[in-house]
Amino acid sequence: MAPSSLPQTPPSAVVIVLFLLFSTALLCESRLSLDYYSKTCPSFTKIMQDTITNKQITSPTTAAGALRLFFHDCLPNGCDGSILISSTAFNKAERDADINLSLPGDPFDLIVRAKTALELACPNTVSCSDILAVATRDLVTMLGGPYYNVYLGRKDSRVSSASSLEGKLPKPTMSMSQLINLFSSSGFTVQEMVALSGAHTIGFSHCKEFSSNISNDTHYNPRFAQALKQACSGFGAFGIRSWIVW
């Protein structure tokens, strides 16, 4: 899926999505707190707000991209920022795994900008995983979504391997049973799976991701399938036109 900046995501869906992601992280981090940086980096909130606002105004697709980036970071191994680590000559990192190659550059740029500003004010203090978590919350709020508390104090992962993602992120070609098994392996119910999948509803999907299944999949609502066919007409299974997801 490829994101854009559309504010149509139902607020309730965003609440469930992000609550589930943060709940998973909280199980692993018992020392998280709302005021974690109040003494060590008192300017944390202002720096984040200024950086996020400037980036979103300049690049309106940043919000949707950040939400998707956060999802791809959290689901496989927890919200540890491992997706932000670059590959080396000796290691192919998560961000370069095939399933992550479509992640847009704007949210990565936002994290770099925020981290740089925070390092100048509070060296070696704020983790990139916390920056991504707060940036996602603030951007969702800017698009009309709900405000929710973000517990802080995560430690960044120092390990990132593309091979570790195998079977841990949903693919558009997966069947329903495969998707259910994937999410259940992480402890999520079908209802929670649907909520988490809603993390992709700010934006659009390329026709090539689903057009080949429209005529063959009887599970599509007929009117919905017809609308998809019209939106992707003339582009075939590998078309590049994008269809808006509301």
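The first residue you see is number 1, and the count goes up from there.
Even glycines carry a Cβ here, placed using N, Cα and C.
Unlike curated entries, TrEMBL annotations are predicted automatically.
Reviewing C41, C79, the cysteine that TrEMBL connects to C74 via a disulfide bond turns out to be C79. Nearest to R68 (site 'Transition state stabilizer') in space, judged by Cα atoms and limited to the recorded positions C74, G78, D80, C122, P170, is C74. C79 (disulfide bond) has a Cβ environment of 25 other Cβ atoms inside 10 Å.
When the disulfide-bonded residues C41, C74, C207, C232 are compared by the number of other C-beta atoms lying within 10 angstroms of their own C-beta, C41 comes out lowest. Using the Cβ center of D73, G78, D80, S82, E94 for Ca(2+) 1, the list of other same-chain residues with Cβ within 8 Å runs, in sequence order, C74, P76, N77, C79, G81, I83, S129, S157, S160.
Counting in whole angstrom, C122 (disulfide bond) lies 24 from D73 (Ca(2+) 1 binding site) by their C-alpha atoms. Among the recorded positions C41, C79, D80, C207, C232, the ones whose Cα sits within 10 Å of the Cα of H72 (active site, proton acceptor) are C79.
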